[in-house]
Amino acid sequence: MAPSHVDKVNTRTWSASIVFMVLTFVNVSVHLVLSNFPHLGYPCVYYHVVDFERLNMSAYNVMHLHTPMLFLDSVQLVCYAVFMQLVFLAVTIYYLVCWIKISMRKDKGMSLNQSTRDISYMGDSLTAFLFILSMDTFQLFTLTMSFRLPSMIAFMAAVHFFCLTIFNVSMVTQYRSYKRSLFFFSRLHPKLKGTVQFRTLIVNLVEVALGFNTTVVAMALCYGFGNNFFVRTGHMVLAVFVVYAIISIIYFLLIEAVFFQYVKVQFGYHLGAFFGLCGLIYPIVQYDTFLSNEYRTGISWSFGMLFFIWAMFTTCRAVRYFRGRGSGSVKYQALATASGEEVAVLSHHDSLESRRLREEEDDDDDEDFEDA
C-alpha cells in the first residue's frame, strides 16, 4: 500500500526531529570535551566541585562563601559524564536504526498509516524532543558545575532529572493505556519486531541513568540548600539519604504498579540505584572527615536502611518477573481482549460511516428527482 499523506507528514517531521537530535548530541559531546580545558572559556573544570579537604561536618554555612557539602568527587563526575554520554549515544543510534527501517523499507505494509503507527510505538517526534531536552539540560548541568554555582547546580540537576524522567515514561508507555499499547504492538510492521528488543534495552539503559541520577539530584539539592541556608553540613549529609530514599521509593512503586505492564524486563532503575548507593559510599569512605565525628552512627544506619529498601524492591521485581514468565497465557489473553475491543470500535465506526453515506446518497437522489 502506498504511503498516505498523513504518513508522509509524520515521517518528515520525525526525520527532522532525528536530525536535530544528532546535532544536539554532537553539540553536547563537543561541550564535554572542551569543558575539560578551563582556558577555553570555562572558569573551572566541571568535575572539581567540592574540596573535601575543607569539609567540616560540624560547621554551619557561611553566607556569601562556598561551603563544601557531600557531592561526587572528581573521578565519579568524570565517570558519570562519560556514562551519560554513552547513554545518549545509544539512544541516538536507536532512533537512527528505527529511521532507517521505517523510511528506507520497500514494503510499506498493508495497513493504512502504517508508518505513523510504527513511529508512534518506537518513539515519535515528541519523545525525540524530550530526549533533546534531556541532553540540553545535561549540558547546562555540567556548565553550572564549571561555574560552581550551588543554586544553579541544584536547579539544573532537578530539571535534567525531570526531563529524563518524562522521556523514560514516554518511551515506556507511548502516552497510551496498556491495552492500547498491546494493540499497536500487534499492528507493528513485521520488520520492526526485532527492533522492539533493542527498544527494551534502551529503556533499561535510560533507567540505569535515571537510577544514578537519583543520587546526583539528591546530592545537588542538598548541596544548593546547604549553601543558601544557615544549616550544618552534617545535617545536609543526612538529608541526602532522606531525599534519595523518597525519590527512589516513588520510582520503585511506579515500576511495580504501572510500568511493569508495558516492559516486562525492567531492572535498569534497580541497577542504577545500586550504582548510586555505591556513589554515596565512595566519598564517605574515601574522606575521613565524614566519619570522624558524631554523625558516624547516623550515616551507618542510613546506609543500612537504603540498602535494605533497595534489596526489598529488587527482590520483589525479580520474583514478579520470573513468575510472569511462567504464566505466558496472561499476555496473549490481554492481547486478544485489546484486539477484540478495538475491532468492535472500528466495526461500529464503519457502520456509522456507511449509514451516513447512504443517507447522503438518498438526499442526492431526492434532489435529482426534484430537479427533474
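Glycine residues also receive a Cβ, built from the backbone N, Cα and C atoms like all the rest.
Different topological domain names are assigned in Swiss-Prot to Arg148 and Tyr321, which places them on opposite sides of the membrane. From the options 127-147, 337-357, the stretch Swiss-Prot describes as transmembrane segment is 127-147.
As a summary of secondary structure, the topological domain 'Virion surface' (148-151) carries 2 helix, 0 strand, 2 coil according to DSSP. Counting Cβ pairs under 8 Å that are 6 or more residues apart, the transmembrane segment (127-147) and the transmembrane segment (80-100) reach 3 or more and are in contact.
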